[in-house]
Amino acid sequence: MDVQAQRPPLLEVKRNVELKAALVKSSSRVPLSASRLKRGPDQMEDALEPAKKRTRVMGAVTKVDTSRPRGPLLSTVSQTQGHTAAQKGPKKTGPRGCSAIGTVLRSQKPVPAAPAQKPGTSTAPVVVGKRAGKRPAWDLKGQLCDLNEELKRYREKTQTLELENRGLREQLREVQEQATTLGTERNTLEGELASVRSRAEQDQQRLETLSARVLELEECLGTRERLLQELQGERLQLQEERSTLSTQLEEQERRFQATEAALSSSQEEVVCLRQKTEAQVTLLAEQGDRLYGLEMERRRLHNQLQELKGNIRVFCRVRPVLEGESTPSPGFLVFPPGPAGPSDPPTGLSLSRSDDRRSTLTGAPAPTVRHDFSFDRVFPPGSKQEEVFEEIAMLVQSALDGYPVCIFAYGQTGSGKTFTMEGGPRGDPQLEGLIPRAMRHLFSVAQEMSGQGWTYSFVASYVEIYNETVRDLLATGPRKGQGGECEIRRASPGSEELTVTNARYVPVSCEKEVEALLHLAHQNRAVAHTAQNKRSSRSHSVFQLQISGEHAARGLQCGAPLNLVDLAGSERLDPGLHLGPGERDRLRETQAINSSLSTLGLVIMALSNKESHVPYRNSKLTYLLQNSLGGSAKMLMFVNISPLEENVSESLNSLRFASKVNQCVIGTAQANKK
C-alpha cells in the first residue's frame, strides 16, 4: 500500500485548513466595494479575525500526539461516539492480558484508506454538505461566510476528534496498565519458575545422591551376601572337616580352637560388662548429684515453709470428758470454723465464764463473759493422736535436716499433757503419743535417706527436773531414783553443746528400744496425788534425742537435738487449808513449777524482744534447753486445757500464757551443718 494512502484523515484536514488560510490571506484582484473601501485598518482586522481564529483552531487540531503508533481512526462522528461508548463498558482481562489487547484492537473499526496521491499534490478537504457553487472572487463576504460555516464544521469535527483522541488515550492507559500487570505477573511467574527449577535441581541432586546411596547399599548388600555365602560355605567345609577328622591330634586341635573362641567371647563380654558398669556408675553419680540437689532444695523449701508458719507456733488441745466427770454446759467451749470454712481445721476457740463476784455484789445472776483465743491450730476433744502428730511431722523432719527443735506440752495438771507426749496404755497403737510416733518417723526417713548416701545415728536421754534438781529417768540398779548427782555442764571448754553429767545417753536404732526407754522413764518419774489428778506429774520431763547425720561422699555433716518436753502440771493450793507434811511438799513443788514456767515465759519474751541478756540460768529447764530456744531453733508449744467448767480459771491462765507465746517471733532458724 502506498505511503500517501496510509496518511490519517487528520493530516489531510490540516493540509486543507492551511490551503484555506492561504486562500483567505491572498490578495484578490476584484475591486473592493464601497463598504469595504471605507473600512479602516482596524475594521479589516476585525473582518479577518474569524480567519485568524480558524487558523488557531486548525493549529490546535494539528497538535496531536504522533509519538505513539497510529492506528486506524474512525471516519465519522457516529463511529467515534459508538467507539467511546464501547470503552465505557466493563473491561475483561484474561489470564495473561493478551485477550484484552486483542479486544481493544478489534473494537476499532478501520477507516477506508484514502486513494494514493502523487508527490506534490494535495487532497481536497472533505465536504459534508453541498454548496450552491463557487462564489466569484469579488464576493469576499460570501466567501467569508462559507469559510465560517466550514470553520464551524471543522470545529465540530475537531471536537469529535478530541473525543476520539481522549478515548484512544484512555484505551492506551488501560492497555499500559494491563501491560504493567502482565509484566508483574510475568516477573512473578519467572521467579516461581526459577524457584521451581531450583527445587527441581535440588531434587535432582538429592535423587542422584540417593541413587548413589542405593547403589552403594546394594553393593554393600551384595558384598555381605557374598560374605555370607562364603561363610556358609566355610561353615559347611568346617563341618565336613570336623566330621572327617578322626585322629586324636585333630580332636585336640578342635577343642583348642573351641577353647580360644570361648575365651575371646568371654573377654568381649568382660569388656562389654565393664563398659556397662562404667556407664551405670556414671549414671548413678549423676542421679546421686541430682538427688542431692533435690534433697537440698527440699530442705530449703521445707525450712522456708516452716518459717512462713512461724518459728514459734502454739497449738491448743482440749482433752475429752472422762468417765465420772460432769458434762460441760452447751456453749462453754465453742470452736469456730477455720478461715477457709467449715472444712478447714479450727484455729480458734471461745470460752464462756460467769463472774461470780458480780453476782455476789448485786444479788442478780452474773452475765456470761466470753473469751476468744486464736492459735495456729486448735484440736477439739475428739481429735486423734494421729491427727495431732500429722501437724508436727514436718517439724520433726526439720530436726533430721539439722535444725534444733523443741516441742512443749503445757497446761494444768490433768489436762492431758503426758497423754499427748507419751500416749496411753501400752499395746494400743492408736493411743501412741508424740514421742514414739516421732521416733518411728525419724527411723523411717533415715532408712530412706541411706539410699542417698546419708548415715544417721540417734542417741536418746530422758531426764526430769524436780524442784530444780535434775534426775535421770533412765537410771537403773542402785542409781535408780538418785538424780541429785546430775548436773548440766558444757560438753567441752568453749563448746556450746550442753550435757547432763551422770545421765545415761543410749544409742537407739529401732522403735522397740525407744519403747523400752519410755517404759523405764514412766516408772521413775515423780508423781503425786493432787486434788485435780490422782497421778499428777510433779516434774518437767525432757526427752532429748541427739541426731547426727553424715554424707561421706560429699563430706557433709549435720546434727541437731530434738527435745520433747512434758512440763509439770500447775495446781493451786487453798491457802486457808491446814498444811500437813504432804501438802507442804505439794506447795514446794508448785512453787518450783510456777517459777520455772515463769522463767520460760521470760526467756521467750526476751528472745522475741531481741534483748541482749536472756535469763537462761534462772531455771534448770531453760538452761538445759537454751540451745533449742534461741533464734536458730524451731519451737512448738501445746497448751492443754480441761473441758470442765470447774477448771475455767486455770484454763484461762493457760490460754493467756499461750497467747503471749504465740505473739513472739524469735527470728530465722539456721541448720547446724559442718
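Note that Cβ sites are derived from N, Cα and C of the backbone, with glycine treated the same way.
Feature region 'Disordered', per Swiss-Prot, maps to range 327-366 of the set 167-206, 327-366. Neighbour counts of Cβ atoms within 10 Å were compared across the binding-site residues Gly411, Gly414, Gly416; the minimum falls on Gly416. Here the binding-site residues are Thr413, Ser415, Thr418, and the one with the most other Cβ atoms within 10 Å of its Cβ is Ser415. Of the binding-site residues Gln412, Lys417, Lys417 has the largest number of other Cβ atoms within 10 Å of its own Cβ.
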